[in-house]
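K.L.:
Annotation comment: TrEMBL describes 1-101 as domain 'Translation elongation factor EFG/EF2'. Look at TrEMBL and you will find 103-191 tagged as domain 'Elongation factor EFG'. The region 'Disordered' annotation in TrEMBL covers 175-199. The compositional bias 'Basic and acidic residues' annotation in TrEMBL covers 190-199.
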Amino acid sequence: MKQSGGHGQFAICEIEVEPLPGGSGIEFVDKVVGGAVPRQFIPSVEKGIRAQAAKGVAAGYPLIDVRVTLLDGKAHSVDSSDAAFQTAGALALREAAADATIHLLEPVAEVRVLVSDEHVGSVMSDLSGRRGRVVGTEQAPGGRTLVRAEVPEIEIGRYAVDLRSLSQGTARFSRSYARHEPMPAQLSQKIREQAEHGV
């Protein structure tokens, strides 16, 4: 529950936040009864919540895949406004997030490496060292192997250069976005600390 106060700025809204499956985005549900939040201000609450979710509630990263339910609130006949309810919605989301367990997500790429058989072991070992998971291998013509792996994007920024060195210039690779996954707790904590200290 959050109040946005001050002269000409009165709004209170009570929300509930719950996780949704990956890829669901932000879902806003209005369960206000009896006009506790006047109808014309419900879109304002939603706008404030969506803006805060986009801005982020943990280390500046957007909040995704949650259902936010507006349960109750209060308005003042003179001092309530669109801006007051936007602010109250944003503050309510920040307050709810402070009391919740938030998982930072990172993009994961599907990586396909075509490498000569003699360098397969080195490539697979290198991918594992990048927090990658090898999901399959298959023989390719010409004494080569296609290695398929899933690797966090942050770990493959210099992969083209490193792969050239590992394979003596004989390997090729491609990558495509696969999905977002929760990052390891230790890395998540490090990023949160850096964000708090402005690093």
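Every residue, even glycine, has its Cβ placed from backbone N, Cα and C.
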K.L.:
What counts of helix, strand and coil residues does DSSP assign across the domain 'Translation elongation factor EFG/EF2' (1-101)?
P.N.:
34 helix, 29 strand, 38 coil
K.L.:
What is the number of residues in the domain 'Elongation factor EFG' (103-191) that are helix, strand and coil, as DSSP sees it?
P.N.:
32 helix, 40 strand, 17 coil
K.L.:
Take the domain 'Elongation factor EFG' (103-191) and average the pLDDT across it for me.
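P.N.:
Mean pLDDT, the domain 'Elongation factor EFG' (103-191): 93.
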